[in-house]
Structure formats: structure tokens, C-alpha cells
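Below are the C-alpha cells for one structure; questions will follow.
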Amino acid sequence: MAPGAARRARRRVRGAPPAGVRARSAEDWWWDRLAPSGSGYHLLQSDSMLLVLPGSGPARARAHRRAARRAQRLRLPGSRATAAKAKPKSAPAPAPAPTPAPQQGPDPGWGDRIPLEILLQIFGLLVAADGPVPFLGRAARVCRRWHEAASQPALWHTVTLSPPLAGRPTKAGAKAEKKLLASLEWFMPNRFSQLQRLTLIHWKSQLVSESCPRLTFLKLSDCHGVTPDTLTGLARACPQLHSLDIQHSTVESTAVVSFLEEVGPRMRKLWLTCSSQTTAILGALLSSCCPQLQLLEVSTGISRNSTPLPLPVEALQRACPRLQPGPCSQVLRLLNLGWLPKPPGRAATPGPGFPSLEELCLAGPTCSFVSDEALGRLLHSSPNLRLLDLRGCARITPAGLRDLPCRELEQLYLGLYGMSDRLTLAKEGSPLLTEKWAHTLRELDLSGQGFSEKDLEQALAAFSGTPGGSQPALCSLNLRGTRVTPGTVSSVISSCPGLRFLNLESCRCLPRGLKRAYRGPEHVQRCLEQLLTSPASPS
């Protein structure tokens, strides 16, 4: 052997660790820094998580498992250690049998160490965001502690059920639906005892309603084949059920009428889709079967119904007066719907109105039949109105709005979208709106209106002179497609420090670069700075 090779071999022998002592790795040093022995902490490690937890426990469970596996490999036949032990030796003196070390059970993991109260709070946040299905069913299979937390009925207040592959009549979809129904037979008596809100999407099977005694709200979305016996049985089995949403579902009018007659005075909220069945349902409401109704919404969705729906205003006011006052407001929504108020007749007396009405939405197509006279018949005794949505109602004038009895209006939407004939629009009168409600308005939509530059300037100037020197409450202003000028916009931004939304799209009197929507106080103030520094000439 060459002298240099011999020196290198002796250097390796001197630097090698003693026999039986394992060399320390960088990972061992890192584990000792995180949880040194005697510190009272132990580590739990998974593929994507590392927890340092207080309390007694193995400080280096993963390192111990690795050392145990290495010792097992050394004991395998054919290894060097085994071969060395197999050499014949002189018979040693018999030694006493070693005492077996106590075996440690498997570490239950960090999931079992979290208190049940904290788990319930965490699960509650997830359920509020995504619903209990399918999260709680999967979490219950993690460990016993998670199963106990996921089984709490308090987490099952709101449930949405939809069969897999909904709307696809395939063999796999039928098999998955049968499996889901089998699971529900166990879920309903064991989890749905506290259920309050249930939504069924593309549902065809009948549920066991006796398992939901506290159900208050039922929504059927894209459901077909709902029979009168199903809804009537549900109304009898759920004594607290008071809200029904059947929009975008094919439900016979006889089924809805039977349900309304069974529920009776406890009915509070009803959502309908305008169809050939709507007239019969409205007839049941007009017969005073639901005197406590607080919310009625009739909508056509995306599709537009060309046949106007006749609505007897006075008869509806007498049938749904909401006799007992309560904390909930009365809401009437006729959305995207061409409805025609029936004439009251010569000898007809004015209806009782809606004294508790706080929200009225008549937004719809531009061919709306709503006029000042029809609006007055609806709101002549509604002093507590807070929200008025008249988008698309081109026949409403500022003078008709001024005569309404409400004094504390907070949200007013008068936007016109898709108007081809702007010559018939009112050119003046907008100051009548702001003079009456400038101190309470939080949201104002005047998009598409044909008011002149001078008229808009006078109207928006009312926000700078609120009574008592208080700041205006205006936080959203939509002026899209109007003739507002740069000076008017600067004045309203300076007068309303709480303004968070400002829409200036398609405003022909503004300079280039400013015709867009501004969201957030910072962007609105940036718009003010650009207005003050930009030239005053329009684009």
C-alpha cells in the first residue's frame, strides 16, 4: 500500500464514531432544538404539518421509529451484524433473562388532543362557509373525538342536498342516488333533529318529514313531480315550518294551495315563479288563508313572460295585512315581471295599504306598466318604507315619488337599462328626490335617467347641506349614462366622505379616463384628485 493511502485509511479510522454509536444527522439536531429532552414539549409530524405540543409524550417519536426500523434490519439474517454473531465462541456464563421493556401504545395524534369545545367552534366555521355536507360526514371518520364533534346536532341547522350527477339520467347517477337515500335513512333520525333550513336540488324522492320537527324553511330548486300529499304531509309533520321557496321548480298549483291551507296563519314567507299556476296560488292568498304573510316574491327568472300578471292591489292588502306587529318587516317583490294592477273601479274604496311594508321591489323590463297612480295605490299607507327598487319603471316621475308618505327612505333605485327612446324621459325634477331624502339616503341609483346637467347639479347639491351640519349617509351612487359634470362629481365626493361606490361609466360630460366605476374609499378619493387636476373639457 502506498504511504499516502495508508495515511488516509488511518485518518478515516480515527474520525469514525465508536462501534454501536449512531452518527447524529442534521434532522436529529433540528428535533433537539425544537423539543430538547426535559423541556416538557413533544413533537408531532405529518406530511404537511409540524406541531410542538406541551405535555408528556415522546419528544422524538419519528426518530425512535426510525431507530427501531434500523435495529430490525440489523437483526435480519444475512446482515453483517448477524454474521459476526454467528461465529463460534466459547460458551459464556449464563446470564439472567432481561426484563422486557414496557411497550408504548401508538400515539393517538394531535386530533385527539384538541378539546371538544374548540373542535365544535372550528367545525362551526367550516359549516357556516360550506355547509355540513359532505364535510361532517368525512370528518367523523378521522377519529373518535372528531366523530363526537361531528355528531353534535347543533352543526346540522342548515343542509343542502343534491343527488350526484343531478339532471343526468344515467345508470351511475341512479346508483349514487340510491346510495344517498340509504345514507339518509340513518342520517335523518340521528342528525336532523335540530334541522331548521333544508334545500333540495333536483330532488325526486320523498323525505321522512317526521325526523325534522324544527324545520322552518324549505327550498325546492329544480324539483319535479312534487305531489299535494308530499307538501301537505310535510306541513303536518313540521309544526314550525313557515317559509317555502319553490322558484324554478315544477310544482302543481293544487299542491301549493293545499300546503298554504294546511299551514294557514303561521305562513310567513313565500317565493314563487310566475307561470300559468301563479293565478291559482294568488287566489288562495287573496282568500285570507295566510294573514301573517310577511314576504311575497314573484319572479320570472331569466326567461321573460310576455303575458302580464293581473294583480288586485287592494284585495292583496286586505288579505295580507299582517295583523300582529313584529320585528320582521313586510316585503313585496315582483321581479322581472310584467304585472298589471287591476283598476279599482269607480265605487271602490282605497285599500288598507301595507302599514308595515319596509321593502318594495318592482324591478323588471322597460315595458313596465307601473305608473305614479299604481305606486300610490301600493304605498299610500307605508310610512316605514326603507327600500324602493323601481329599476326599469320608466313611467315613474319625481313628482309621484315626492307624494309618497315615507320620510326615512334609505335605498332608492331608479336606473333604466336598455332604453332606446330617451326622448320621453323626464328632463327635470331630480331635486325633488334629494330634497326629501338626502338626510337618510345611503344608496341612490339614477343610471340612464335623462335629467339635464343643471338639474343633476341642483339635486346632488342637497347632500352638502344636510340639516344640523351632520355628514350625509350616502355610500353608493350610480350615475352611469347621465349628464353629470366634473364640478358636480367633485362637489358630491367632497360632501360625502363615506362614499364607497361611484359609477361614472358612459357619462358623456366627463373627461377621458374617468368614465368607470370606483369601488372603495381610496379609489373614490383618487377620482376626486384626478377631477381637480384634469382639464374641464369633456371627451
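Cβ atoms here come from the backbone N, Cα and C positions, even for glycine.
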Which range, 1-25, 201-225, 326-350, 451-475, does TrEMBL list as region 'Disordered'?
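Feature region 'Disordered' in TrEMBL: residues 1-25.
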Report the mean pLDDT of the predicted model across the domain 'F-box' (113-161), rounded to a whole number.
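Here the mean pLDDT over the domain 'F-box' (113-161) amounts to 85.
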Determine how many residues of the domain 'F-box' (113-161) DSSP places in helix, in strand and in coil.
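Helix/strand/coil tally for the domain 'F-box' (113-161): 31 helix, 4 strand, 14 coil.
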